[in-house]
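Undergrad: I'd like to ask some things about the structure below.
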Amino acid sequence: MNPQAKLIFAISLLLGTAITTSSNHWIMAWAGLEINTLAILPLISKSHHPRAIEAATKYFLVQATASTLLLFSSMTNAWYTGQWDITQLTHPISCLILTSAIAMKLGLVPFHFWFPEVLQGAPLTTGLLLATVMKFPPITLFFLTSHSLNPTLLTCMAILSAALGGWMGLNQTQIRKILAFSSIAHLGWMTIIISFDPKLTLLNFYIYSLMTAATFLALNSIKALKLTTLMTTWTKTPSLNAMLFLTLLSLAGLPPLTGFLPKWLIIQELTKQSMAPAATVISLLSLLGLFFYLRLAYCTTITLPPHTTNHMKQWHTNKPTHITIAILTTLSTMLLPISPLIYPLS
């Protein structure tokens, strides 16, 4: 793709995100979301592969539907209350439609079907944008309207997302699909707490974005798209594979690593809100995700390639490991000891 075109799309992505996150008016928020959608479409379909074109088409249709629902929700609220302010969403029908629209934008259950397919059709770098940057504006709208939304509905959607995200990722061999289902499960953790402590949702999103960025960039560096390819990468970059192993365990939420921090705080807050059963259920469901993270981590650290591989082994990386990956993987594994400092900052 032309560098000038890439620059325009990148600036458009930043502009759309900035407009949505800083707006008070529903029309401005909607305009920012539309700019974001139109800017990411060429990046998804840039390879001109039929799967990439299909992914871009699916993404466009889903996001256009979600934007329509969001606009309809805000118009309904304005019709009944005379308010276009994002924080003044009070009409119950508008709140229900908005919850559906944002769930569709994010890929929450039951509107999750498009996300694994789109991520599978997109390149790894675009997949990183889809899993992190593109979710920030809808999460911001969730944050601003959290006091108006139905907590029972959000809790049900969150538990279903954690269940299906873990369950459907179990039998996948494509790494991008595994990371897509991982994203759906993480969104469940963010959604369950948003009615009670919205700042915790943002903290969870920031830490999730950090770990996902480290994982995607490491995988992009070693050019691994399938588990069979990942099994033969140890000989190329042992140190990068070792850090990828730790990052994947952090993404699973194992205790001494950064990923345990948001889960710990969310379980603590749910218990304070007399929601110990929900906390227990979502904690048990995270064990499903732990299984496929451990499988990914195991494939990452296999030191001898299996004898049944039917592809050419790559003995060298296509480009040197960037300093960004080093910083991100370090942050993804070592932030837990300074958690008393991180939580007040959020």
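Every residue, even glycine, has its Cβ placed from backbone N, Cα and C.
Just so you know, TrEMBL annotations never went through curation; they're auto-generated.
For reference, TrEMBL lists these features for the protein:
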SIGNAL    1-23  signal peptide
DOMAIN    23-288  domain 'NADH:quinone oxidoreductase/Mrp antiporter transmembrane'
TRANSMEM  59-79  transmembrane segment
TRANSMEM  91-115  transmembrane segment
TRANSMEM  152-171  transmembrane segment
TRANSMEM  178-196  transmembrane segment
TRANSMEM  202-219  transmembrane segment
TRANSMEM  240-261  transmembrane segment
TRANSMEM  281-304  transmembrane segment
DOMAIN    290-343  domain 'NADH dehydrogenase subunit 2 C-terminal'
TRANSMEM  325-343  transmembrane segment
Undergrad: When you scan the chain for residues with a C-beta under 8 Å from the transmembrane segment (202-219), skipping those not six or more beyond its ends, what do you find?
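TA: For the transmembrane segment (202-219), the nonlocal Cβ contacts are 124-125, 127-128, 131-132, 135-136, 139, 143, 175, 179, 183, 186, 189-190, 193, 225, 230, 240, 243-244, 247-248, 250-251, 258-259, 261-262, 265-266, 322, 324-325, 328-329, 331-332, 335, 342-343, 346.
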Undergrad: Please figure out which one of 59-79, 152-171, 178-196, 240-261, 325-343 racks up the most CB pairs under 8 Å against the transmembrane segment (91-115).
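TA: By the under-8 Å Cβ criterion, the transmembrane segment (91-115) pairs most with 59-79.
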Undergrad: Counting CB pairs under 8 Å, which listed stretch among 59-79, 240-261, 281-304, 325-343 touches the transmembrane segment (178-196) the most?
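TA: Stretch with maximum Cβ contacts: 281-304.
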Undergrad: Same chain only, please: residues at least 6 beyond the ends of the transmembrane segment (325-343) with a C-beta under 8 Å from a C-beta of the stretch. Say none if there are none.
TA: 203, 207, 210-211, 213-214, 217-218, 221, 240, 243-244, 246-247, 250-251, 255-261, 264-265
Undergrad: Tell me, what is the mean pLDDT of the domain 'NADH dehydrogenase subunit 2 C-terminal' (290-343)?
TA: 75
